[in-house]
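S.K.: Mind looking over this structure? Questions follow.
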Amino acid sequence: MASNATAKCPGPMKAASQGAFQGESPLDYALPLAILQICLVVVVTRGLAYLLHPLRQPRVIAEIIGGILLGPSALGRSHKFLHAVFPPQSMTVLDTLANLGLLFFLFLVGLELDISAIRRTGKKALAIALAGISAPFALGIGTSFAFRATIVKGAPQGPFLVFMGVALSITAFPVLARILAELKLLTTDLGRMAMSAAAVNDVAAWILLALAIALSGSGSPIISLWVLLTATGFVIAIGLFLRPVLAWMARRSPEGEPVKEVYICATLAIVLAAGFVTDTIGIHALFGAFMVGIVVPKDGPFAGVLIEKVEDLISGLFLPLYFVSSGLKTDVATIKGAKSWGLLVLVIANACLGKIGGTVITSLFVKIPVREAVTLGFLMNTKGLVELIVLNIGRDRKVLNDEAFAILVLMALFTTFITTPIVMAIYKPARKTVPYKCRTVECAAGDTDSELRVLACFHTNRHIPTLLNLVEASRGTGRRRLTMYAMHLVELSERSSAIGLVQRARRDGMPFFNSKEQRTEQMVVAFEAFQQLSSVRVRPMTAISDLDTIHRDVIDSAADKRAAIVIMPYHKALHHDGSFQSLGSAYHAINKRVLREAPCSVAILVDRGLGGHAQVSARNVSFSVAALFFGGPDDREALAYATRMAEHPGVAVTLARFHPSRPQPDEEDAADEAAVEAFKAKVGAVKDGSVRFEEPEAYTREQVLATIESLSGFNVFVVGRMPPTAPLVERPDELGPVGSYLVSPGFRTSASVLVVKRYDPATNPKSKRFDPKAGPPAATEEDALDEAEMGRSAVVPVTQSPMSEIA
């Protein structure tokens, strides 16, 4: 009989097979099976994340759903699939990999946690956080009695009460930050309040979880007390002994030098050792890794390099295994009968009532408006990874059975899933946009008392020298006549460090942060030096958002700052051979959307290294500018910008006027003549010959190209985006018929190009929301080019009559 029982128990799996040609199945061996499991998990979770992205759901939702789908609730109902891909003998390896990934992920969470910010938490946020913990914790304890009376009759009372209270009172700080970023609320007062309260809630949740783990041991209360005291001693030892060691390594990793590999290896080994110690104490290995992350010095490149080395591998491959490990333990089929479904409704209702109700009441008490208070309540009700950690530990400690575990997982999934759509429905902050008159360079030039406000955007530090040199050349006459809002466009990725980036930018007021600290320092120094050496005022800004929506930050900032022109970087980067290579369709789409929706004029800057790889000081500026004028509003705006550049003593401007190949209305021809005559008057006023006017005899396409070729020695070309002329290339992009030729391989030059589009609400329907006096949009030739380029219709062409905006 014993031999029969032994035969039924699967033996341990060997690491690697000898191959299918030797008659062995790779699914019977640990290594190839683990590889298959990881690949399957990544494909399923990333696929679900892609499908849920239009709903603006955080990735944790996709990972939880993916785990449930791969488990016994869906695909796992097929015993053939479950025993082939997730056989019982492989679960030890899978759980070990999942917990190892979770251990290092919590080390990253500790690295990103700003204890000093928690100390500075205001009284309002602290009151909201305490209410958001205590109310659901009390309701969780009450709910536990209903569970113990029905489906969890044998669970130990004390630990079960604490686990239920913690499960209902948690707010997932990283998930909340992701939702706020998606909804563009991170930098609002509401977002700051939510982040501060969630940070306090997060720390309190870890303390309560440590208490719950200590109480869930099978020993006597004295043993639980020893666990808590030893854990407290461990925390003190970390602060007294480990922190100085890590600070010493951080000091020996100065800016501009690579961090030594031995320091990285030693730190990661310390993380594992701390996890071993806390597991030995009895409060789970995760706490040790989390504490090491907290005490790592955050200043300098040391912490950034640690994140860079660990984050992608852990977050991309190993952390999703933890969600699948949880999903394999979640069997929705165990929730059956009116009693179980009633408990699910009860726990969801109490979780929402406690968290939302407690937050709303306290928010109203501290004078927060009703709409913001309700929104804050739903935001604080988000769950995430820490919730699953609590539930998994409770299940492993036999505090929760399979049915209670499944009910609480579904509760966490539901409360997080509803957050984004409900917040979008109930909270739509009104933008306090002040109407302003000068939305074009031409308008600013005509108003002698008005300064030119430029919103200059860039993606990386390599765009900065050309941007600064262009702005310096455009500063005009007099002191403080130009203000530049330098906006760093940063993609908000799925990395956890992206949230830390937002926190630091908001906390310090510094505009530029990324994983490369040396580049960050270069950016800050460049703008500070430029402001000291030039008469241009510089106001640094940061837009941290998803690339699909970052254009809204640009558009809203242009309206808030009352900019006359937005300068966007070209979506292609210059290579050493003089060709351009696209940065990606997402960057192309950003420019198209800004061109379509901006509340002011827009210019696309094609960077070919104006002034070299460094900023040119004001006294050494010596640039030659060629303005190509065919006619039309865009060319007049480009001419206004070139005229402003002509005011700089180190800039020589030449206006080359071409004959338009397409007819224009009489009023447009009159406006063109007036603009050209005004420039000619300036030519006569400037005696040093730095301002010139040319009208070449170029009527055919070949003659126009030959004339432009003769100007290739200039430093900068300034052109309008949509002049009334035939395209000079076969397939022009958003730079228009002339600008597209200036960046084509057929035109050899080292000149940078500024392609200008003049603001006109009649042909820019999306900007109408910023201008209450804007007329109805009309379809133009430019719209036809845009729609051919984008492949979708936003404006319906009409011949003469105006049209209403198409949503």
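Placement of Cβ uses the backbone N, Cα and C atoms for every residue, glycine included.
On a predicted model such as this, the values are computed, not experimentally measured, just so you know.
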S.K.: Which range, 60-76, 638-654, does TrEMBL list as transmembrane segment?
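M.R.: Per TrEMBL, the stretch marked transmembrane segment is 60-76.
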S.K.: Any contact between the transmembrane segment (159-181) and the transmembrane segment (341-366)? By contact I mean 3+ C-beta pairs closer than 8 Å, pairs at least 6 apart along the chain.
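M.R.: Contact between the transmembrane segment (341-366) and the transmembrane segment (159-181): present, because at least 3 Cβ pairs are under 8 Å.
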S.K.: How about the transmembrane segment (60-76) with the transmembrane segment (96-113) - do they touch, taking at least 3 C-beta pairs under 8 Å (6 or more apart in sequence) as contact?
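M.R.: Contact between the transmembrane segment (96-113) and the transmembrane segment (60-76): absent, because fewer than 3 Cβ pairs are under 8 Å.
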S.K.: Mark yes when the transmembrane segment (263-296) and the transmembrane segment (96-113) have three or more Cβ pairs under 8 Å (sequence separation 6 or more) and no when they do not.
M.R.: yes
S.K.: Which one, 125-147, 222-242, 405-427, has the most C-beta pairs under 8 Å toward the transmembrane segment (193-216)?
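M.R.: Per the Cβ under 8 Å count, 125-147.
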S.K.: Please give the sequence-distant neighbours of the transmembrane segment (125-147): residues at least 6 beyond its ends with Cβ less than 8 Å from one of its Cβ atoms.
M.R.: 155, 160-161, 164-169, 171, 193, 196-198, 200-201, 204-205, 208, 343, 346-347, 350-351, 353-355, 357-359, 361-363, 365-366, 376, 380, 404
S.K.: Which residues of the same chain, at least 6 past either end of the transmembrane segment (222-242), have a Cβ under 8 Å from a Cβ in it?
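M.R.: Distant Cβ neighbours of the transmembrane segment (222-242) are 210-211, 213-215, 270, 274, 277-278, 281-283, 287-288, 291-292, 295.
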S.K.: Roughly where does the domain 'Cation/H(+) antiporter central' (479-620) sit in mean pLDDT, to the nearest integer?
M.R.: 75
